[in-house]
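Let me begin by presenting the structure, written as structure tokens, before commenting on it.
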Amino acid sequence: MKHLKTLSLAAALTASAAGMAHADWPTDRPIELIVAFAPGGGTDVMLRTLAPYLEAELDAQFPVLNRPGAAGEITYTALAQARPDGYTVSSLNTPGFLTMQIERKLRFEPSEICPIARIVEDPGLFVVPANSEFKSLTDLVAYAKEHPGAVSIGTTGVGTDEHLAMLQLERSAGVDLTAVPFTGSNDAKTALLGGHISAIGLNAGEYATADHNSMRAIGQFSEERSILAKDLPTAKEQGYDVIISSERGLAARCEVPEEIRARLADAVDKALANPEFQAQAAKQSVPLSFQSGADWQAAMPARLERYRSIFALMKEGQ
Amino acid sequence: MNTFDLLMLGFSEAMTPANLGFCLIGALLGTLIGVLPGIGPTATIAVLLPITFFLPPLAGIIMLAGIYYGAQYGGSTTAILVNLPGEASAVVTTLDGYQMAQQGRAGAALAVAALGSFFAGTVATFGIAIAGPMLSSFALDFGPAEYVSLMLFGLLAATILASGPVLKAIGMILIGLLFGMVGTDQATGAERLTFGSIDLFDGIEFTVIAIGLFGFTEIITNLERSGSEGVKVAPLTRLWPTREDFRRAWPAVLRGTGIGTFLGILPGGGATLASFSSYSLEKKVSKNPRAFGHGAVEGVAAPEAANNAAAQSSFIPLLTLGIPSNNMMAMMLSAFMIHGITPGPTVLTNQPEIFWGLVASMWIGNLLLVVINLPLIGLWVRLLTVPYRLLYPAILLFCCVGIYSINNRIFDVLLAAGFGLLGYIFRKAKCEPGPLLLGFVLGPLLEANLRRALLISQGDASVFIERPISLTMLIATVVLLALMILPSFRKKREEAFQEEEA
């Protein structure tokens, strides 16, 4: 017993010695929260709403910094090169974080980035202008069969969820669509309303807050209909195997001390349980879905395999 | 209810003491950050956004809007007094505004800028009220192909900004395009001109390049002069513009307002295009184009009116369609959504007090800004009599703080210093930095839209001439190009600038 006590004392000492280096965390400096998308997008608004609650939980400042582009690679690279002192965290979005590992030569090592917590799971859907002739995915597919490449889909970059949804639909329906990259979903929406592209991919949360008189969703890409879009048929119901959802959360470098990451995850968990935050999330139609960093990380390899197969099939088809 | 009743409803909402107070706070704060170089409205609003959780929706939005247009006013002050454009839309104001200040007419320049902005703001506000929904559908007609043609026209028109040889101006635009390419390619994630540096991953910030080329260069150039006395200005005869100034300024303000209101609704570089298009237009219609670049009052009045009108009219697509036309408007959209309001046609019908309250507050805010700014002119002008040895270190400090605060990176400050040296070399070689900045701003937009246009048309380049708006602008570009190449025009242009060389 005594032996055990000594051991635990030693462990405690080691822990506190390690703790010395970051004893002041998180109060001596602001914790930079890098967002991989332009201001005003779904991830940005969600994290800006969350930031004050994290600040209250940790008694620290969380300035939000937008570093959009390259489907998030700019942000993850910046994160991977930041000092592992717990003062830099970033948004983490799947599928972008996973798909960029498939075909691109990355500037950062994905295994060095550890999820802290998942905050949102939001299914994707395709949206057309209100005056479009496409009433369903079936209409869109039928048109694309007759006019290969003529149906243009606005995405926010290579390997993003909109792009993946499009690839899956191409595979499942055997059609040829054209991806048009935009800087953010707002730019894509503008082009859609102007009739310059046929459809855009959005998340259910983004669509729920958009103006439904000017645009219409034609299919959602979840297993079951999302609570945010109960009347909208899924792709599966329409006969296409397209499953994509956007998961959004926070990440830090894996080299950040375990203790700091745990405290961050705990703060996120508590902030999500705050009824005030939940009310604000509901107003913005954000489908909250907390998952611990470990669980989220454990689920990633299987998803990565699924996306890998989509990419492989796409290449085969070329 | 007709427009008049709705506007009255808006005024009754905006005139409540609390809302008036927030409008004043926003306008004051905006003026302050506009005057300080480098600290932009986007950053300020991002910081203040969470605070608006605790305000009523309209009050929060009124305050944020106040910051935005307040910064437009404040930005012109530094552009005129110390040759420092705080943002892209203020670049052209430096051309003649700074010259006016050098000639002892800083007061007149500031007054013309303030009054011109007020007039433009008023017109644009009522423009939003009356024609907002109609104008917004026009903005939607601008697809990728139209942007490509507009940007091409803009880049060519940028040569008019320079008063030296056309070839030099084109060279500067090309250098600007090159700087605009630095960073990660948005469509593929490939790196360009980053030389392996993570700090260049996001490309170069506009503020870094603008403060370097204008601010630092100005300071270096002034070090050449002997002694450390104040700026050698002609004796300050009067603060207020002369009757002659007013006579020349008002048609310029009218034209600037029109261009600004119109181009402001376009997403992307609307406000920037507006201010320099109006400057180019003034130079074209003027009987005395050689005065431009040497303190022509029209050269201040028109772009200032244009960028303020554009700042107001950029609210049109946001309020009527829920589409933000720039980063600032995306911030405003977040402010709306934080309060559970989705801007769009439904807000117009279901919550008219929000839309009309904001429209009315914008007019009140513009009035407040004139009231704040006009008495301050005397104070600003006296700044110029402060000796260099005190004034310039202070400016340098504010510049460095402003640049550092964008990304919290010392790299940006060093980069700006490098651009300062480059700017000094350009100045010695008589190359003007204005066209470079416009190339830098418009280049990336041109590239992204060119790609989109060709993807949508599946590689068919005829899309640029098949679409009427695009075709019109391409024809305008060709006409402009022909005018520049034709010998008679070239002669006239060279004549115009001969005097300055002498």
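Our numbering is plain: 1 for the first residue shown, then up by one each step along the chain.
Quick reminder: no glycine exception, Cβ is built from N, Cα and C everywhere.
Residues annotated as domain 'DUF112' in TrEMBL: B:20-438. Summarising the annotation, TrEMBL assigns transmembrane segment to B:20-39, B:45-69, B:108-130, B:150-179, B:200-220, B:259-281, B:328-348, B:354-374, B:386-404, B:410-426, B:433-450, B:470-489.
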Whether the transmembrane segment (B:20-39) meets the transmembrane segment (B:386-404): three or more C-beta pairs under 8 angstroms: yes
Interface check, the transmembrane segment (B:410-426) with the transmembrane segment (B:200-220), three or more C-beta pairs under 8 A: yes
Most Cβ pairs under 8 Å with the transmembrane segment (B:150-179), selected from B:354-374, B:386-404, B:433-450, B:470-489: B:433-450
Selection from B:45-69, B:200-220, B:433-450, the stretch that has most Cβ pairs under 8 A to the transmembrane segment (B:328-348): B:45-69
Per Cβ pairs under 8 Å, the stretch of B:45-69, B:200-220, B:354-374, B:386-404, B:470-489 packing most closely against the transmembrane segment (B:433-450): B:200-220
Feature contact check the transmembrane segment (B:108-130) with the transmembrane segment (B:386-404), CB under 8 Å, 3 or more pairs: no
Surrounding residues of the transmembrane segment (B:45-69) on its own chain - C-beta under 8 Å, 6+ positions past either end: 13-14, 18-19, 22-27, 29-30, 33, 121, 308, 311-312, 315, 328, 331-332, 334-336, 338-339, 341, 353-354, 357-358, 361-362, 365-366, 369
